[in-house]
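J.: First, the structure itself, so that you have it in front of you.
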Amino acid sequence: MSTIDKEAVKLYLMQLQDQICQRLEQEDGKATFIEDAWYREPGDRLGGGGRTRVMRDGNVFEQGGVNFSHVQGNAMPASATAHRPELAGRRFEAMGVSLVMHPHNPYVPTSHANVRFFIAEKEGEAPIWWFGGGFDLTPFYPFEEDCQFWHNTAKEVCAPFGADVYAQHKAWCDDYFYLPHRGETRGIGGLFFDDLNQWEFDKCFDYIKAVGEGYCDAYLPIVERRKVTEYGEREREFQLYRRGRYVEFNLVYDRGTLFGLQSGGRTESILMSMPPLARWEYSYEPQADSPEASLYQHYLKPREW
C-alpha cells in the first residue's frame, strides 16, 4: 500500500497553479494574473494560507481566477460532515487548486476546474483521506464539435485509470452541476468526482494530476477557435443572463463554496469564481428556433458525446 504524502500533493498543486496560469496568460496575450498571497494563523477558525491569482480585462478573458489554498481546522464544517458523519470531531487539512475563467466573447465558453485533497485525522485512528475534482464547460452558444472535443479529451484523461471511469465521472458531473430550481444543467459537464480513495494513494494522486493537466488541453483549443468570432449586443446580453445561472449554482448548491464559507474561509478567494457582470430577466423565454433556444433544447440536459 502506497504512503500518504501530503507534502508531495501540496508541491504538485502549487506547480499546477503556475502551469495553468502560464498557459492562460499565453492564450490571452495581454492580461497577467495578479497574485494575492494570504496567510492565517492556526489559532483562527480556519488556519493556513494560499495564493489567489486573478486576471482582469484581457484580450480574451474578462475575468478569471486560479486559486491555490492549504487550510487546516479542528473540526469539519456541516457541509462536509452531512454525508460523512464519521468525520465529525476530526481535525482536517484541505488543499487544492480551483479556477474559473469568464471570457469576453459569448462564443467562448466559461470553464471551471478543480483538484483537491482532504485528510481528516484523529489520534489513535487511521486517517481518512480522499481526492476530488474535475472540470466542466459552460457554453452560451455551443458548437457540437467543441462539446465533442471537450468530452473526448476527458475520455483520454480517464482511459488509463479504468474502462468505466469516464462514464462514472461524467454522470457524476451531470448530476452535480444541475440546478433543480431551473430544471437544467449548468453547462455540458465534463468530469466530477469526490471521495476518491478506492485505489491506492499513488494511483489516486496520478488521476488528479491527469485531470489537472487535462483541463488546458481540453479548453484552450476551443478558446483558440472561438475567440475571434464576431458578436453583438444580443449575444452579450444573453451571455450575461446565462452567467446568472453560474451565480445561482455557486451560491446555492456548490459544496466547495459552502464548505469555504461555513468553515470561516477567506471570502474574497471563495467568491473569486463569480463573474464580473451578470444579469437576471423576469420570465425570460428564448425566441423559437433561435441559437439561444438551441442551448436549452439540446445542451442543458445530460447527453452522450
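A Cβ is built for glycine as well, from the same backbone N, Cα and C atoms used for every other residue.
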J.: Looking at substrate binding as recorded in Swiss-Prot, which candidate out of Ser98, Ser283 goes with Asn114, Val115, Arg116, Gly264, Gly265, Arg266?
T.: Ser98
J.: From the ranges 138-173, 246-281, grab the one Swiss-Prot calls region 'Important for dimerization'.
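T.: Based on what Swiss-Prot states, region 'Important for dimerization' spans 246-281.
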J.: Out of these binding-site residues, His102, His112, His151, His181, which one has the fewest other C-beta atoms within 10 Å of its own C-beta?
T.: His181
J.: Secondary structure at His181 (divalent metal cation binding site) (DSSP, helix/strand/coil)?
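T.: Note: His181 (divalent metal cation binding site) is coil by DSSP, not helix or strand.
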